[in-house]
Structure formats: structure tokens, C-alpha cells
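As written in Swiss-Prot, here are the features:
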type	residues	note
SIGNAL	1-23	signal peptide
DISULFID	C26-C40	disulfide bond
DISULFID	C33-C44	disulfide bond
DISULFID	C39-C49	disulfide bond
Amino acid sequence: MANYIEVFSVLAIIFATVLAALAQDCSPEGAQCVRDSECCYNECIDSLCQP
């Protein structure tokens, strides 16, 4: 029984990691931002992604 719990834990960690990677997608021009790194190829100026 313990093996099933272990396998499930590993799968849950992998699933969470994949979701986190997808969630870190960049924001397009005009999107709200806090840091330059949030914008795809733009800068964060006045809380908006600018080219």
C-alpha cells in the first residue's frame, strides 16, 4: 500500500512542477506587470509592459 502513496506523491510533484512552469509564461505588450522579467520582450514601465 505504501508504494501507491509514494508513486502518487511523485506524480503530484511532477504535475505541480509542470503547472508552475506553465504559469510563468510571459506577459504581452500592454499587460500589467511588476518587473521587467514578467514581460516577453518588453520593459515594465508604469505597471504596464512597454516595448
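A Cβ is built for glycine as well, from the same backbone N, Cα and C atoms used for every other residue.
Of all the disulfide-bonded residues listed here (C40, C49), the one with the fewest other CB atoms within 10 A of its own CB is C40.
Over all protein chains present, the Cβ of C26 (disulfide bond) has 13 other Cβ atoms lying within 10 Å. Between the C-alpha atoms of C33 (disulfide bond) and C49 (disulfide bond), the distance comes to 6 Å. According to its DSSP assignment, C26 (disulfide bond) is coil. Recorded residues C39 (disulfide bond) and C26 (disulfide bond) have their alpha carbons 5 Å apart, per Cα-Cα distance.
In the structure as shown, the Cβ atom of C33 (disulfide bond) sits within 10 Å of 20 other Cβ atoms.
Reported as a whole number, the C-alpha separation between C26 (disulfide bond) and C49 (disulfide bond) equals 10 Å.
Spatially close to C44 (disulfide bond) yet at least six residues away along the chain are C33, V34, R35, D36, E38, Q50, judged by Cβ distances under 8 angstroms. Across the fold, the C-alpha of C40 (disulfide bond) and the C-alpha of C49 (disulfide bond) stand 8 Å from each other.
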